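Straight from TrEMBL, the features:
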TRANSMEM  21-43  transmembrane segment
REGION    49-69  region 'Disordered'
DOMAIN    130-313  domain 'FtsK'
BINDING   148, 149, 150, 151, 152, 153, 154, 155  ATP binding site
């Protein structure tokens with residue numbers, strides 16, 4: 001400021017010497033401004049010098065602010081302990097852990113009958129300033145947000161927390177769903193727990209979508225369950241379902257890859273308290289990733305080391321989490337709206353042994369394996385002896401001939417509900433069945449599966465029509481004219497369905513389509529000549545991948561939006577359109593040595 005001020009003074013002196021008084025007065029404000037700036041700078045330097053000699057001061061912006069913050073929040077030094085020590089398992093033989101776990105499960109079950117533990121979901125997770133630190137979601141939650149930078153110990157905290165809960169509460173009282181968007185490494189051990197009803201990672205996005213749909217379906221199921229019993233909370237029921245804890249690691253990755261499904265988690269956060277469902281969200285940046293609607297329903301914030309003081313202030317109300325040393329992983333602050341307490345999470349040194357102990361305890365107590373909340377997507381091939389089909393299709397494994405009429409349904413594969421897989425039962429009482437698909441998609445194999453299933457039935461006449469090498473159709477007539485039912489199976493029936501064809505077999509085929517005494521199952525390369533519902537009541541459509549063509553074939557737009565590349569390219573994958581029902585189906589795998597109609601013994 002000295003040089004500009006001197007320049008202004010020299011200019012003023014020159015103007016005054018020449019008698020230019022009007023111009024001289026214009027220079028005066030500039031000189032005053034320079035003098036004021038110099039004075040302000042001197043005062044600021046003097047204040048900074050005084051604060052540097054007074055660490056307890058509360059100066060404004062500058063180095064003194066950091067010193068004051070460090071003094072206001074003294075460093076917390078908590079020991080790092082193992083989870084075995086917290087659970088008093090250090091002196092235990094790993095082979096006998098199941099005994100202690102069984103006793104704890106039994107004690108928790110006894111207190112639950114007295115309505116003491118039915119509303120409690122607490123576990124020891126580490127050491128606090130007053131001793132062992134316990135997290136109780138029923139009191140502080142019901143949901144929790146865990147934040148921390150890379151290497152701060154988020155995944156270790158989640159593993160410790162879940163293992164501690166699993167050792168205290170049986171699978172009949174608590175279940176887990178793990179959504180790992182860090183490649184599956186966070187819960188590589190926990191997913192073996194008998195409490196686990198679902199585990200997915202970001203390596204299979206379609207599987208993660210099924211998990212989010214299943215969570216929404218479970219939320220609605222519990223809502224209806226509480227409403228049917230006129231209960232305000234699910235814990236008021238005589239036999240409430242197990243509490244469900246949904247744990248999400250790297251929530252920001254889930255939000256980036258599946259933004260359309262975040263609303264399902266917001267609903268869980270809003271309604272989960274009374275329905276016994278808890279959400280634990282783990283992320284690196286809660287400010288930009290967790291929505292305000294979700295934060296409004298999260299009662300417990302756990303903040304490990306963060307790099308930005310704003311994130312610490314957002315979660316716990318002050319900057320102390322930003323001051324945690326990188327040499328103290330696992331050190332965290334928990335804020336439930338009233339108190340902000342420091343703790344250091346325990347290290348699970350024997351996770352495998354604890355999981356094995358839980359598995360053995362479940363077997364000892366006779367706890368049946370819990371049905372998964374959702375299943376994996378449809379496999380590319382389904383053998384006839386698939387576990388889900390063993391009870392559904394006994395005719396494929398155990399020939400029998402006790403049927404007197406055409407059955408109402410037959411099982412032809414597995415159906416995907418969007419959440420679970422179940423046997424697909426093809427209705428035979430809704431009219432003729434059209435199978436539409438291009439060559440190589442598996443429509444002839446599907447027809448062979450239907451024929452093979454029907455051939456096990458007695459007192460049913462089956463007419464078989466196939467296209468020969470000369471592009472004509474061969475007709476196999478039934479042998480028993482007194483049969484109670486008649487089914488016509490026609491492969492490559494496009495020419496037979498042509499209304500302009502004068503072929504005698506084609507006329508007979510088109511007449512059979514309108515005969516209520518005959519069920520016609522036929523395959524087509526396209527739906528050009530197919531009229532619905534005049535020709536058929538059930539359609540089995542192999543999607544082409546062209547949205548316009550598939551919608552013209554009858555596939556609903558909502559179902560088309562969920563189809564993947566695998567659904568379009570996998571042989572034997574089709575869409576069943578029946579009365580008021582549509583679903584994606586994978587056909588039972590046929591024997592490649594079989595005839596297109598499947599060597600049914602007709």
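Indices start at 1 and increase along the chain as displayed.
Just so it is clear, glycine is given a Cβ too, placed from its N, Cα and C backbone atoms.
Keep in mind that this is a model prediction, so the values were computed, not measured.
Long-range Cβ contacts of residue 152 (ATP binding site) within its own chain (separation 6+, distance under 8 Å): 304, 305, 306, 324, 329, 330, 332. Comparing the binding-site residues 148, 151, 153 by how many other C-beta atoms lie within 10 angstroms of each C-beta, the top residue is 148. Neighbours of the ATP site: apart from 148, 149, 150, 151, 152, 153, 154, 155, residues of the same chain with C-beta atoms within 8 angstroms of the site's C-beta centroid are 284, 304, 305, 329. Same-chain residues at least 6 positions away in sequence with a Cβ under 8 Å from that of residue 155 (ATP binding site) are, in sequence order, 182, 185, 186, 249, 282. For residue 154 (ATP binding site), applying a Cβ distance below 8 Å and a minimum sequence separation of six or more within one chain yields 146, 147, 148, 249, 282, 304. The C-beta environment of residue 149 (ATP binding site), restricted to residues of the same chain at least 6 apart in sequence and closer than 8 Å, consists of 284, 304, 305, 306, 307.
The C-beta environment of residue 150 (ATP binding site), restricted to residues of the same chain at least 6 apart in sequence and closer than 8 Å, consists of 284. Within the model, the domain 'FtsK' (130-313) carries an average pLDDT of 91.
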